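Quick look at what Swiss-Prot lists:
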| type | residues | note |
| --- | --- | --- |
| BINDING | G31, N165, R353 | L-aspartate binding site |
| MOD_RES | K223 | N6-(pyridoxal phosphate)lysine |
Amino acid sequence: MISSRCKNIKPSAIREIFNLATSDCINLGIGEPDFDTPKHIIEAAKRALDEGKTHYSPNNGIPELREEISNKLKDDYNLDVDKDNIIVTCGASEALMLSIMTLIDRGDEVLIPNPSFVSYFSLTEFAEGKIKNIDLDENFNIDLEKVKESITKKTKLIIFNSPSNPTGKVYDKETIKGLAEIAEDYNLIIVSDEVYDKIIYDKKHYSPMQFTDRCILINGFSKTYAMTGWRIGYLAVSDELNKELDLINNMIKIHQYSFACATTFAQYGALAALRGSQKCVEDMVREFKMRRDLIYNGLKDIFKVNKPDGAFYIFPDVSEYGDGVEVAKKLIENKVLCVPGVAFGENGANYIRFSYATKYEDIEKALGIIKEIFE
C-alpha cells in the first residue's frame with residue numbers, strides 16, 4: 001500500500017548515525033545552534049498568544065513580516081522585492097520543497113553541488129526529477145565551465161547554498177555572478193539557500209539574486225536567531241520572474257493544501273527578530289568564530305581540512321584513516337558524534353562533518369579524544 005514515491009526516498013543518513021549514539025556522546029553532529037532563542041523574540045511570541053493571534057494567517061504570511069523581510073533584502077543586498085513576492089513558510093525546508101515541487105516534472109534535471117545538504121537530493125527525487133551532480137574540487141570550488149557542460153535541454157534548476165552545509169564554504173562574488181550568468185544564458189532558475197547568510201567570519205555574502213532575476217531566494221530564522229523549533233522560513237522571487245511564471249500563485253497552491261500557513265504566533269516572533277537589535281546575532285557569530293578557530297586548529301594537523309568561511313560546520317578529508325563511515329563509527333565508539341560525508345552525496349565519501357554549534361569545552365574534549373585515536 002505504500003507509494004513508490006515514498007519507497008524511493010531514503011531515510012536520512014544523518015538520523016541513522018544519531019541512532020547509533022549514546023546519551024554520553026559529545027555531539028558534534030547536530031546542525032543547530034546550541035543557544036536559546038533570544039528573549040525579546042520569545043516575549044513577542046508570548047504577547048501574540050496573549051493577544052489571541054492563534055488563528056490562521058494569510059496563506060503567504062502576515063503582511064508585517066513580509067514587509068520586514070522585504071526591508072531586510074533591501075538593506076542587506078539592495079534587492080527590491082515586493083512583499084507580495086514573498087511567502088512565509090514552515091521553515092526554509094518548506095520553501096525548498098515548494099520551489100522544487102512547483103518547477104520540476106518527472107525527468108527534469110536539477111544541478112546540485114556534491115556534496116550538499118541532503119534535502120536537495122531527496123526533494124528532487126521526491127519530485128521525480130533527475131539529479132545531476134556539480135563536482136567540487138578539493139577546496140570545494142565550483143568549475144563554471146563544467147556546470148555549463150552538464151546542462152541539457154532537460155535542465156531546469158540549479159540548487160545552490162552559500163555558506164555551505166556541509167563544507168562551510170562561502171563562495172566569492174565571481175562564482176555567484178558566474179552562476180547567475182549561466183542561469184540567464186540557459187534559461188535556468190537558481191534556488192539559492194541562504195539560511196547561513198549571517199554566520200560568516202572572514203568573507204562577504206553575495207546572493208545570486210543580486211545578479212539575476214532568475215532566482216528563488218530562500219532563507220529562514222532557524223540558524224541566525226537560534227529558532228530551529230519555531231519552523232519559520234521564507235522564499236522571495238523577483239517581480240520579473242513572478243510575472244513570467246506566476247510563481248507565487250502556483251507555489252501558494254501547494255502551500256495552502258499542505259501547510260495552509262506558517263504558525264501565526266511564531267511569525268510575530270520572527271517579526272521581532274528582524275525589528276529588534278541584532279546584537280544577539282553578533283554575539284552568537286562571535287562565539288561560533290571562536291569555536292571555528294578551535295576546531296580547525298585542532299584538526300589541521302590530523303586531517304586534510306579547509307578552514308570554514310561560514311556556517312558552523314567543518315568537513316575534513318579522513319581518507320588517510322579509512323572512509324567517512326568507518327571513521328565516523330570509530331569516533332562514535334569513542335563517544336564523539338559526527339556525520340559521515342557520504343550523507344551529503346557520494347563525493348563526500350572520504351569526509352566527515354563536524355558541527356561546532358556546541359559548547360567550547362565539549363569541542364576541546366572531543367579534540368582530545370580525536371588526537372588520542374588518530375595521532
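Even glycines carry a Cβ here, placed using N, Cα and C.
Feature annotations (Swiss-Prot) mapped to structure.
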{"residue": "G31", "record": "L-aspartate binding site", "DSSP (3 states)": "coil"}
{"residue": "N165", "record": "L-aspartate binding site", "DSSP (3 states)": "coil"}
{"residue": "K223", "record": "N6-(pyridoxal phosphate)lysine", "DSSP (3 states)": "coil"}
{"residue": "R353", "record": "L-aspartate binding site", "DSSP (3 states)": "strand"}
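Long-range Cβ proximity for G31 (L-aspartate binding site), meaning a same-chain Cβ under 8 A and a gap of 6 or more residues, is found for I14, N165, F312, Y313, S355, A357. Apart from G31, N165, R353, the residues listed for L-aspartate, the same chain places the Cβ atoms of F117, P166, A311, Y313, V339, F344, S355 within 8 Å of the centroid of those Cβ atoms. Across the structure, R353 (L-aspartate binding site) and the residue listed as 'N6-(pyridoxal phosphate)lysine' are spaced 17 Å apart at their Cα atoms. In sequence order, E32, P33, V195, Y196, K198, I199, A311 constitute the residues six or more apart from the residue listed as 'N6-(pyridoxal phosphate)lysine' in its chain with CB-CB distances below 8 Å. Maximum C-alpha to C-alpha distance over the listed L-aspartate-binding residues G31, N165, R353 is 10 Å.
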